[in-house]
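Quick notes on the structure that follows.
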Amino acid sequence: MQLLQSSVIAATVGAALVAAVPVELEARDSCTFTSAADAKSGKTSCSTITLSNIEVPAGETLDLTGLNDGTTVIFSGETTFGYKEWEGPLISVSGTNIKVQQASGAKIDGDGSRWWDGKGGNGGKTKPKFCYVHKLDSSSITGLQIYNTPVQGFSIQSDNLNITDVTIDNSAGTAEGHNTDAFDVGSSTYINIDGATVYNQDDCLAINSGSHITFTNGYCDGGHGLSIGSVGGRSDNTVEDVTISNSKVVNSQNGVRIKTVYDATGTVSNVKFEDITLSGITKYGLIVEQDYENGSPTGTPTNGIKVSDITFDKVTGTVESDATDIYILCGSGSCTDWTWSGVSITGGKTSSKCENVPTGASC
């Protein structure tokens with residue numbers, strides 16, 4: 001009898017010990033979140049996340065950082081943000097092999113008019129940046145419809161990222177919107193932006209550092225055009241292997257631009273502007289300047305940043321009558337090995353202030 005009781009007790013204790021061992025639960029296939037707090041706390045619990053009509057509280061970030069590898073994020077309905085003067089970002093996303101997309105009819109609305117005061121990031125209200133895409137590697141962002149960012153749109157610091165068919169519509173900010181850059185790229189490799197449609201009041205694209213970056217099939221309206229730079233004065237001051245092609249820039253201050261920082265060091269190399277069409281440009285159709293200091297041109301170029309192996313191929317179109325067709329202001333010996341083919345920009349003035357124009361280019 002005692003032996004039987006001992007056996008029963010041993011079996012019971014053994015079962016209890018087994019039950020006490022933690023069991024690792026697999027992530028559910030899909031989750032739908034209706035609040036930013038739930039999304040933040042539950043984002044690693046599902047392989048597919050649907051964000052349904054999220055109202056992000058004022059002063060908070062829709063935190064999608066540290067997602068599990070292979071997660072799909074779907075924006076559904078309307079995503080909105082409470083008002084507060086702060087730096088942001090309104091959204092942040094990171095992870096590997098992530099897919100970010102939206103359901104049919106969805107929109108992400110920053111309602112930037114609450115912050116717009118004509119000063120952008122240079123004073124007035126403190127405005128939140130829209131979206132940090134930092135360490136979003138081997139991933140994709142597809143088909144997002146974004147409206148009214150308070151200031152800059154996407155801050156990109158990632159590797160192997162494809163951004164496809166994204167619309168950023170800040171057309172409502174024509175009067176008071178400022179510094180509403182669409183895509184700011186830095187310290188990134190293998191970034192491909194294809195089919196972007198942008199209405200804004202600053203750079204459609206600004207590449208400050210990075211390599212193997214492409215921007216193609218873009219439409220840029222109302223801003224400052226397609227820019228390399230400004231390059232210099234950062235921890236990473238190299239831009240190389242960039243192709244900007246088959247795009248339109250309309251009703252903008254500049255068409256295509258390379259700008260480097262006064263008295264800084266760095267490299268801009270193997271950059272191609274190909275098949276770019278311009279219209280309604282109000283300042284410069286094509287501009288390369290090596291004189292930026294504190295965000296403004298000085299008129300005096302320096303040569304610490306080499307701008308070499310640059311291609312301008314079939315950059316064509318018109319500027320306004322009081323604009324300048326082409327302006328090239330290079331430091332002594334710093335702009336070399338340019339290819340200049342099929343460039344035809346008309347309608348404006350011819351600059352008398354070009355300096356150190358590379359062989360083959362015209363100003």
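For all residues, glycine too, the Cβ spot is worked out from N, Cα and C.
Pulled from Swiss-Prot, these are the features on record:
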- ASP202: active site, proton donor (ACT_SITE)
- HIS224: active site (ACT_SITE)
- CYS31-CYS46: disulfide bond (DISULFID)
- CYS204-CYS220: disulfide bond (DISULFID)
- CYS330-CYS335: disulfide bond (DISULFID)
- CYS354-CYS363: disulfide bond (DISULFID)
- ASN162: N-linked glycosylation site (CARBOHYD)
- 158-187: repeat 'PbH1 1' (REPEAT)
- 188-209: repeat 'PbH1 2' (REPEAT)
- 239-260: repeat 'PbH1 4' (REPEAT)
- 268-290: repeat 'PbH1 5' (REPEAT)
- 302-347: repeat 'PbH1 6' (REPEAT)
- 1-20: signal peptide (SIGNAL)
CB neighbours of CYS335 (disulfide bond) within 10 A?
28
Please report, as numbers and ranges, the same-chain residues at least 6 past the borders of the repeat 'PbH1 4' (239-260) whose CB is under 8 Å from any CB of it.
204-205, 207-232, 266-290, 292, 305, 307, 310, 312, 315, 317, 319, 345
Candidate with the highest Cβ count within 10 Å, taken from the disulfide-bonded residues CYS31, CYS204, CYS220, CYS354, CYS363:
CYS204
About how far apart, in whole Å, are the alpha carbons (Cα) of CYS363 (disulfide bond) and the residue listed as 'active site, proton donor'?
25
Enter the number of other CB atoms within 10 angstroms of the CB of CYS330 (disulfide bond).
27
Just to be sure I understand, if DSSP states are collapsed into helix, strand and coil, how many residues of the repeat 'PbH1 5' (268-290) fall in each?
0 helix, 21 strand, 2 coil
Can you work out the mean pLDDT of the predicted model over the repeat 'PbH1 4' (239-260)?
99
Are there residues of the same chain, six or more positions away from HIS224 (active site), whose CB falls under 8 angstroms from its CB, and which are they?
GLN201, ASP202, ASP203, CYS204, SER252, GLN253, ASN254, ARG257
